[in-house]
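According to TrEMBL, the features are:
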| type | residues | note |
| --- | --- | --- |
| BINDING | His31, Leu33, Gly58, Glu79, Asp107, Asn122 | S-adenosyl-L-methionine binding site |
| DOMAIN | 38-207 | domain 'Ribosomal RNA adenine methylase transferase N-terminal' |
| REGION | 266-298 | region 'Disordered' |
| COMPBIAS | 278-298 | compositional bias 'Acidic residues' |
Amino acid sequence: MAGGKIRKEKAKAPSNHYQGGISFHKSKGQHILKNPLLVDSIVQKAGIKSTDVILEIGPGTGNLTKKLLEAGKEVIAVELDSRMVLELQRRFQGTPYSNRLKVIQGDVLKTELPRFDICVANIPYQISSPLTFKLLFHPTSFRCAVIMYQREFAMRLVAQPGDNLYCRLSVNTQLYARVSHLLKVGKNNFRPPPKVDSSVVRIEPRKPQPQVNKKEWDGFLRVCFIRKNKTLGSIFRQKSVLLMLEKNFKTLQAVLASLNGSTREAAGMDLGDQSMGMEDDDNEMDDDDDGDVEMDEGQGGEFKEKVMNVLKEGGFEEKRSSKLSQQEFLYLLSLFNKAGIHFS
């Protein structure tokens, strides 16, 4: 414009959302490890043997894949993004590694995973919980999984009774596996950098697996962690909890009666349509949330008294889920089941 000043545009800095001409999408959880020393450390801490078949989830452009191929016998990489699949194939084509790399394109949560010895993965954080339990319930045994998680999720996995982050996820995971924190990873080790720091966690499935009814166990923990800092006596006096348990109790009694004195194996039947739902604990309520109501002393009748007697028998009425150990949860569940009270 005449008489006006021409505004000189600043040169745009080159985007760090690219590698090899491929753009990364934060919305899809694509954060590629760019620090070679960190990649080396993860591989070293995984304890890979030269005979291992390694499952890698979300290999991206192959920075970690290359080190895994150097350490193990074979790498099976599961990748959703077709662009990344092509980049992996291009990167290793014509190299000594090409016949030891198998790439599966697809959603890992919907993919039937093959047999493997060890899993090493930098995963999209939005699939952290369902993927963890998919691995733990994998039909063939594996030695361990070394996985990069969002830091808060990782600390929930390893949290112990009394820790601020101790939750249903902690108890569920630690029932099926030994979990340990390996590395804290700053956000600047990724391209593009995520908004939060990360952590590498080692998960070793317990052998043998615990003999528990998975739906019953998860249903029980869901009740206990409705408000983890309230006493169990307060939680089990809630109207909705008592109504759910009484419905299950009456259903079980009807089943047993119809079997006309059959063995009590029927107690292990799934009596409801509650899904196992091993997802993260976002549904735990704040302790000052008064969304539910306790039954008054005169309400609930015999069944409420039955539930309270179980808590008193084990000395749990004044205890809180945030402080209970895994063995205490297992013991309390056994007391409820012994009294004919079930959670699924």
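Every residue, even glycine, has its Cβ placed from backbone N, Cα and C.
Annotations in TrEMBL come from automatic prediction, not curation.
Neighbour list (Leu33 (S-adenosyl-L-methionine binding site), Cβ cut-off 8 Å, at least 6 residues apart, same chain): Val39, Gly60, Asn63, Leu64, Asn122, Met148, Asn189, Phe190. Here Glu79 (S-adenosyl-L-methionine binding site) comes close to Gly58, Pro59, Gly60, Val85, Leu88, Val103, Ile104, Gln105: these same-chain residues lie at least six apart in sequence, with C-beta atoms under 8 angstroms from its C-beta. Comparing local CB density within 10 A for the binding-site residues His31, Asp107, the maximum falls on His31. Across the residues annotated as binding S-adenosyl-L-methionine (His31, Leu33, Gly58, Glu79, Asp107, Asn122), the widest Cα-Cα separation comes to 20 Å. Looking at the domain 'Ribosomal RNA adenine methylase transferase N-terminal' (38-207) alone, the prediction's average pLDDT is 95.
The number of other CB atoms found within 10 A of the CB of Gly58 (S-adenosyl-L-methionine binding site), across every protein chain shown, is 24. There are 28 other CB atoms within 10 A of the CB of Asn122 (S-adenosyl-L-methionine binding site), with all protein chains counted.
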